[in-house]
Amino acid sequence: MKVQVKILDQRLGQEWPLPSYATTGSAGLDLRACLDEAIQIEPGQTVLIKTGMAIYIHDTNFAGLILPRSGLGHKHGIVLGNLVGLIDSDYQGELMISVWNRGQNTFTLEPGERLAQYVLVPVIQAEFEQVEEFVATDRGAGGFGHTGQK
């Protein structure tokens with residue numbers, strides 16, 4: 001599948017590699033922090049970081065997800081401020097990453113550092129059918145631990 005990409009920061013593809021799949025089994029493309037200089041992200045602080053690129057999916061059967069990189073979250077407490085970024089197929093603006101330091105220590109984010117992943121996913125747009133009752137199931141309305149822990 002082809003997705004249109006507009007490079008907004010010329011350092012992408014010159015100083016830093018363009019997003020690519022690291023292995024044949026990789027699901028995500030790494031997104032980089034397009035910064036002019038390193039920034040300090042204090043514990044509890046949330047900042048919005050430019051990626052230097054815009055992606056236009058065009059096909060309404062797909063959407064993009066911006067997801068955290070596992071190492072940053074586990075080792076440094078750096079996760080996405082909105083937990084998951086949803087990029088609709090008709091969005092054409094620059095991809096931005098909301099970064100939240102949920103850790104205990106100040107984190108230094110360097111220019112060009114890999115910060116998040118972009119994953120393309122299929123989308124099914126549902127049509128709601130209003131009903132008075134649902135067909136009964138064994139589970140019913142049970143949730144939030146209803147099926148047990150083991």
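Backbone N, Cα and C define each Cβ position, glycine as well.
For Ile87 (substrate binding site), other Cβ atoms within 10 Å of its Cβ number 21. According to Swiss-Prot, the feature substrate binding site maps to Arg69, Ser70, Gly71, Asn82, Leu86, Ile87, Asp88, Met96.
The number of other CB atoms found within 10 A of the CB of Leu86 (substrate binding site), across every protein chain shown, is 12. Of all the Cβ atoms in the protein chains shown, 12 others lie within 10 Å of the Cβ of Asn82 (substrate binding site).
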